[in-house]
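Below is one structure, written out as structure tokens; the observations come after it.
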Amino acid sequence: MAAETFLFTSESVNEGHPDKLCDQVSDAVLDACLAQDPDSKVACETCTKTNMVMVFGEITTKATVDYEKIVRDTCRDIGFISDDVGLDADHCKVLVNIEQQSPDIAQGVHGHFTKRPEEVGAGDQGIMFGYATDETPELMPLTHMLATKLGARLTEVRKNGTCAWLRPDGKTQVTIEYLNEGGAMVPVRVHTVLISTQHDETVTNDEIAADLKEHVIKPVIPGKYLDENTIFHLNPSGRFVIGGPHGDAGLTARKIIIDTYGGWGAHGGGAFSGKDPTKVDRSGAYIARQAAKSIIASGLARRCIVQISYAIGVPEPLSVFVDSYGTGKIPDREILKLVKENFDFRPGMITINLDLKKGGNRFIKTAAYGHFGRDDADFTWEVVKPLKFDKASA
């Protein structure tokens, strides 16, 4: 009897989606603050709608930051250079409403900058998850990796002129048929590919479909996963000329599943972009990913999830949890012991060990195409820590 398979789907959006535009602006502000003042405390939100971008939040920094310039530069880099494509970076309204971090939070978390790194408390309560799986070289879910890479490829062929009819906004979605092999996920085939991309007035739907298959899908999805039964929905609505902030309002923190694992594992609900590393929504999720990835890379399990939790002002996590979905070579309690011995989950130490005070153009790179599974030296949480265990007893 054939093994039973199931379908699972992940989606992504590319950098011209209004929510992702906002994530990128928020992280561009964070980068600018950290570049001048590594101790900046940043909680920067962004929203956008037709002809308007607003940044607001709480920022305490010694940096001199031109918020309006950051907004316009970020929108321009994405490709929003005229009203026709959804936003004109040089002529849109830019609103700024930034205040300082609450002194109540400041004294509880970092003692107004007097606490040593190991004493720095979590910036808030919350739960964070890290996930890893052996189904791809990146130790990430294949559905998520393919959906994300399709979005990145859409942007690449737009910017290099291969598909000149493309505009910045776009969404992707990939459904894969999986086999559950004792708790491990084994991709069998790609069942459905969905791409909805903004386009100009001149291109036909047939041209869109042909170009997407040739220049986007073919370079991204390995041929071994495609067959004559694979379903393609390419701009199924029939028309997507109006896009970006002109088509939909955008807001920071609305694409948290796209930022992480595409619906696999779990999510604690906290977003990443626009937050400095004292915000454990970000730093906690990063160290949890490093722990989960290290478990898989060290051969301790084929798939796993790590959860950590915090209280505001308290350095040590309240709890650490590991589940290997039955794929562990040793019991989960022993994997958990190794994790606790090898990873320091205190926010101040996460910041040092993952070098999270470095700005520049570091965090804006995370704000589109996922925070995990990226091959980039700035993604320090993707570096595997070898976890040694007694293979003889496994």
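Glycine is treated like the rest: Cβ placed from N, Cα and C.
For Glu11 (Mg(2+) binding site), other Cβ atoms within 10 Å of its Cβ number 20. Residues or ranges marked as Mg(2+) binding site in Swiss-Prot (evidence: similarity to another entry): Glu11.
For His17, Asp169, Gly170, Lys171, Ser237, Gly238, Arg239, Phe240, Asp248, Arg254, Lys255, Ala271, Lys275, Lys279, the entry in Swiss-Prot reads ATP binding site, with the evidence type similarity to another entry. In sequence order, Val13, His17, Asp19, Lys20, Asp23 constitute the residues six or more apart from Lys255 (ATP binding site) in its chain with CB-CB distances below 8 Å. Taken residue by residue with DSSP, Lys255 (ATP binding site) is part of neither helix nor strand, so it is coil.
In this structure, Glu45 (K(+) binding site) is part of a beta strand by DSSP. Neighbour density for Glu45 (K(+) binding site): within 10 A of its CB lie 22 other CB atoms from the protein chains shown. Taken from Swiss-Prot, the feature K(+) binding site covers Glu45.
For Lys279 (L-methionine binding site), the same-chain residues 6+ apart in sequence whose C-beta sits under 8 angstroms from its C-beta are Ala43, Gly123, Asp124, Gly270. Under the heading L-methionine binding site, Swiss-Prot lists Glu58, Gln101, Asp248, Lys279, citing similarity to another entry as support.
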Glu11 (Mg(2+) binding site) versus Ser237 (ATP binding site) - Cα distance in angstrom: 17
Cβ-Cβ neighbours of Gln101 (L-methionine binding site) (radius 10 Å): 22
